[in-house]
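Have a look at the structure that comes next, please.
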Amino acid sequence: MTTLHFSGFPRVGAFRELKFAQEKYWRKEISEQELLAVAKDLREKNWKHQAAANADFVAVGDFTFYDHILDLQVATGAIPARFGFDSQNLSLEQFFQLARGNKDQFAIEMTKWFDTNYHYLVPEFHADTEFKANAKHYVQQLQEAQALGLKAKPTVVGPLTFLWVGKEKGTVEFNRLSLLQKLLPVYVEILNALVEAGAEWIQIDEPALTVDLPKEWVEAYKDVYATLSKVSAKILLSTYFGSVAEHAALLKSLPVDGLHIDLVRAPEQLDAFADYDKVLSAGIIDGRNIWRANLNKVLETVEPLQAKLGDRLWISSSCSLLHTPFDLSVEEKLKANKPDLYSWLAFTLQKTQELRVLKAALNEGRDSVAEELAASQAAADSRANSSEIHRADVAKRLADLPANADQRKSPFADRIKAQQAWLNLPLLPTTNIGSFPQTTEIRQARAAFKKGELSAADYEAAMKKEIALVVEEQEKLDLDVLVHGEAERNDMVEYFGELLSGFAFTQYGWVQSYGSRCVKPPIIFGDVSRPEAMTVAWSTYAQSLTKRPMKGMLTGPVTILQWSFVRNDIPRSTVCKQIALALNDEVLDLEKAGIKVIQIDEPAIREGLPLKRADWDAYLNWAGESFRLSSAGCEDSTQIHTHMCYSEFNDILPAIAAMDADVITIETSRSDMELLTAFGEFKYPNDIGPGVYDIHSPRVPTEAEVEHLLRKAIEVVPVERLWVNPDCGLKTRGWKETLEQLQVMMNVTHKLRAELAK
């Protein structure tokens, strides 16, 4: 019989119950016991949903109050020593301080989990890091599930992935792989504690196998699993997010009891494991997207596998369901307004039922679930033929693009002369990245307008009042290129998604980004186009209030793609180019309306990089082409800006230069301008604006600090190509500190301009 198991479930609840309880606890509105009770209830509900899908094993150990990698840092005693906490007796309060910081220590750094939009807390390893086992987190959840009469499989991230996703810290140079011999016995202790608590199978996740691991890391798998296999539970080694076919010989030789492979992201890898002689777990339902599967098609893959493997075939989702929203059935508005689209979707609970149907079809024959299979086929057929998805005009526009459609009319050297002729900017021109503080009044007006409690005219008046204030304050500060402040925008992707065709939105489609922060990504379900102008009215109103140049503000095609649930029936590159052409319509309309400085934000270009470097060039080529398409056809005198914020540029600088924006602004203040050195060494050809202060903190920098950063920038970038700006948008800041911070920036700029003029 085929076995059905789960690897992980969303933690936050169907209606973000965990988020609201956490935040109440942080505000001291509920007790620790009340928070623990909410969490216990959510875990129980999750397990019951898995059991209702006829699962042979429910997942335990996947639930966390913040992040599963933070749980592992606690379980292995690897929490940062700088906090002075005892990992053996860590309170919940201290656990949250590790994640959020306290008055003495900054929070543990966060970064994206592989190529997902989930953030984990990065382990800090020192040459002298000592490990100590504390299996309480995993054992407690196992015992809770057992008390409900459920068969449970604990899930733990493996030792090599744990070390891989960490960072080396401290003054002594070392390779974190050298900590493995100290870490392994601690893992053995944790696994033994689970065996004692009654675990029959333990899942050990090693997604690091899907990236370009150095040879010595790959070699280490032999010793690690030779050691872990001595534990008297069966081990399922789980891989996901990509192919591990290149490691097939190694994986087949490891003394584990089973292997999980992701057949959604990498269906082609099945051939490499067809002769595997132990349990093979097939990840056949997408754990990262929201589309209903065509179950007949899935069965075409797994039925031959079952014939070959018999009882050794297990089935599951491709990875943990953490990355999908909880329950489609609560989306009543979507069901009423877009019934077809509703029928094409599957959230976590629907995916559990898809797996139930597949298990039944494999074990009892397709006839036992004929009705469910017919419904799945009908949804797939309707989606394949829908005129709402497939639009001839969009397809024709893409197909008819001439060669070099993504190129500006002239090279940068000519464009910058045409731009400076009318802009007439001083040395070290100043600007803002885009947004200004989103006050309570702005949020209330937007919410009231959405609920129908505020008329369109009153809403527009409220937004115009905010725009006028933003323009006035920038003029008082003597900024050179102004922004309108984006008061009308709730979110930089959602705002555009609501105005483009081919997008849809949910009410409760939340997924965890980190800790208590959840995001509700738009759904790109069909061909994308722009029915009418999206930003022109706001930007032209702002421009009417000032003689200084006003910057139009758009979110770039790659970022819109990366931060959405994307259709899976055509290549992502095609979707991205469709978005680019829709944005290009907006760019040309802004230009026509007299807005001749236009920013196209691309904070997510780096996030889209594939896990394997061999695939980078193809991605960077279409991502760069999409950006250029969005600004193509502009006059030379129109200045295109872009903004990016991340900590690593060196390896993709040629691709960033190839985007050919006239001005790029980047986040650099927290790295003391280190990032800029890469641009200098690369001889980045166009204008550049390194952030001179950190907007993520309410702290007002001193003039000396800003001057230090600006002088460092002048050493690296020719001063005639240097802009001055904050690190990022000011949406999350208060007005008081915003004005004080900008005043410091302007004072330093005026001082250095005077000095350079001598």
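The count begins at 1 with the first shown residue.
Any Cβ shown, glycine's included, is placed from N, Cα and C.
In case it's useful when we look at the structure, here is the feature table from Swiss-Prot:
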| type | residues | note |
| --- | --- | --- |
| BINDING | Arg16, Glu17, Leu18, Lys19, Lys112, Arg517, Cys518, Trp563, Glu607 | 5-methyltetrahydropteroyltri-L-glutamate binding site |
| BINDING | Ile433, Gly434, Ser435, Glu486, Asp601 | L-methionine binding site |
| BINDING | Ile433, Gly434, Ser435, Glu486, Asp601 | L-homocysteine binding site |
| BINDING | His643, Cys645, Glu667, Cys728 | Zn(2+) binding site |
| ACT_SITE | His696 | active site, proton donor |
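What's the neighbourhood like for each of these?
For Lys112 (5-methyltetrahydropteroyltri-L-glutamate binding site), the Cβ neighbour count at a 10 Å cut-off comes to 16, with all displayed protein chains included.
In the three-state DSSP classification, Gly434 (L-methionine binding site) falls within coil. Shown in sequence order, Val483, Glu486, Lys551, Met553, Gln599, Asp601, His643, Gly729 are the residues of the chain, 6+ apart in sequence, with a C-beta less than 8 angstroms from the C-beta of Gly434 (L-methionine binding site).
For Ser435 (L-methionine binding site), the same-chain residues that are 6 or more apart in sequence and have a Cβ closer than 8 Å to its Cβ are Val483, Gly485, Glu486, Arg489, Gly729, Leu730, Lys731.
In the three-state DSSP scheme, Cys645 (Zn(2+) binding site) falls into the coil class.
All chains included, 13 other C-beta atoms sit within 10 angstroms of the C-beta of His696 (active site, proton donor). In this structure, His696 (active site, proton donor) belongs to neither helix nor strand by DSSP; it is coil.
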What Cα-Cα separation, expressed in whole Å, is found between Leu18 (5-methyltetrahydropteroyltri-L-glutamate binding site) and His696 (active site, proton donor)?
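Each residue's Cα considered, Leu18 (5-methyltetrahydropteroyltri-L-glutamate binding site) and His696 (active site, proton donor) end up 25 Å apart.
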Just going by other Cβ atoms within 10 Å, which of the binding-site residues Glu486, Glu607, Glu667 has the emptiest spot?
Glu607
Would you list, in sequence order, the residues of this chain other than Ile433, Gly434, Ser435, Glu486, Asp601 that have their CB within 8 A of the centroid of the site's CB atoms, where the site is the one recorded for L-homocysteine?
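Counting only non-site residues, the set is Asn432, Val483, Met492, Met553, Gln599, His643, Gly729, Lys731.
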Determine the minimum-neighbour residue: among Arg16, His643, listed as binding-site residues, which Cβ has the fewest other Cβ atoms within 10 angstroms?
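Sparsest of the binding-site residues Arg16, His643 by Cβ contacts within 10 Å: Arg16.
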Just the number: how many Å between the Cα atoms of Ile433 (L-methionine binding site) and Glu607 (5-methyltetrahydropteroyltri-L-glutamate binding site)?
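Computed Cα spacing between Ile433 (L-methionine binding site) and Glu607 (5-methyltetrahydropteroyltri-L-glutamate binding site) is 20 Å.
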Using a 10 Å cut-off between Cα atoms, which of these binding-site residues sit near His696 (active site, proton donor): Arg16, Cys518, Glu607, Cys645, Glu667, Cys728?
Cys728
Under 8 Å Cβ-Cβ from Cys728 (Zn(2+) binding site), six or more apart in the same chain: what's there?
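Sequence-distant Cβ neighbours: Ile433, His643, Cys645, Glu667, Gly691, Ile695, His696.
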Around Cys518 (5-methyltetrahydropteroyltri-L-glutamate binding site), which residues of its chain at least 6 apart sit with Cβ under 8 Å of its Cβ?
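Looking at Cβ-Cβ distances below 8 Å from Cys518 (5-methyltetrahydropteroyltri-L-glutamate binding site), excluding near sequence neighbours, one finds Val12, Arg16, Lys19, Trp510, Val511, Gln512.
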